[in-house]
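**Student:** One structure follows; several queries about it will come next.
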Amino acid sequence: MTARELDAYFRSFLNFGPFVSCDVALNGLQVANSGAPVHKVAFAVDACAQSIDAAARAGARMLFVHHGLFWGRIEPLTGMQYRRVQALLTHDIALYAVHLPLDAHPQYGNNAGLAARVGLRQGGPFGFIRGTAVGLWGTVAENTTPSQEAMQQHAACTAPDTHRVTHANAISPSAGLSLQQVVHRLFPAEEQPVRLLPFGKQRIERVGILSGKAGTYLAEAIALDLDLFITGEIEHSCYHTAREHSISVIAGGHYQTETVGLQLVARKLQRDTGIETLFLDIPTGM
């Protein structure tokens, strides 16, 4: 497939439309290649010198990222930006970026992937940006394991509306998880959250998830009477706000919470097209 054909493929399911007015990122093909067929696609969180160099060493002809190079304004190709674009052109690598549509996708998105990890039963949309929901909230319980919920999400491929209306009140009020149980489910590969604010209930049921930098959405979590807010990165002011409203917060890391959707899309691409994929893990610790 060419880069243009891959652009059409990604657009066929990632649903850019709702985010045209609320996403400052340029979603889609940001830098083309020469038109040569793409037999390998590298996936990374950030378009940066490290990811471009790693993609080149791996022989990839496309780099698919969550954080691209262009963010809603005209940027001169000088300095760092010039070097990045020059490296892409030198190695004939197309750059493809998907920001909010990748966070929000109900099956292949960052938030859906995190929800599957913790075994979330979805209650409704959460994290509205100019009227468009990017995150989700729901409930967790000991009798809903991550693997069971992941299977439900897989089955939802042909019935996404059914998945969306699996309501929280289906779970017994006595069920719930401890904060450490949620952390263990969220980071099964021995990763660690950047910050925990353990100010909520001992047994957690109502959970909101919004990947990346979303500390400002703590107020929305409080308004929904959630027990736990899971995000990537928070502001200093979140500490006292969470403490005084008795809500726990997991700041899982901006990077760590945004690796999930990329890997889901990579698996789908390889399954659908046979194109080889690889994930470039370049953690920032943030």
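Here, residue 1 is simply the first one shown, and the rest follow in order.
Glycine too: its Cβ is placed from the backbone N, Cα and C atoms.
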**Student:** Hey, Swiss-Prot has divalent metal cation 1 bound by D103, E258. Any idea which of H39, H66, H236 it lists too?
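**Tutor:** As annotated by Swiss-Prot, D103, E258 share the divalent metal cation 1 site with H66, chosen from H39, H66, H236.
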**Student:** To see if you understand the setup: which same-chain residues, six or more apart in sequence, place their Cβ under 8 Å from that of D103 (divalent metal cation 1 binding site)?
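**Tutor:** Same-chain residues close to D103 (divalent metal cation 1 binding site) (Cβ under 8 Å, separated by 6 or more) are G109, N110, N111, V134, G135, L210, S211, G212, E258, G261.
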**Student:** Restricting to the same chain and to sequence separations of six or more, state which residues have a Cβ under 8 Å from that of H67 (divalent metal cation 2 binding site).
**Tutor:** A25, V45, D46, A47, A97, H99
**Student:** With every protein chain in view, how many other Cβ atoms are within 10 Å of the Cβ of H66 (divalent metal cation 1 binding site)?
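**Tutor:** I get 25 for this one.
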**Student:** Which of the three DSSP-derived classes (helix, strand, coil) applies to E258 (divalent metal cation 1 binding site)?
**Tutor:** helix
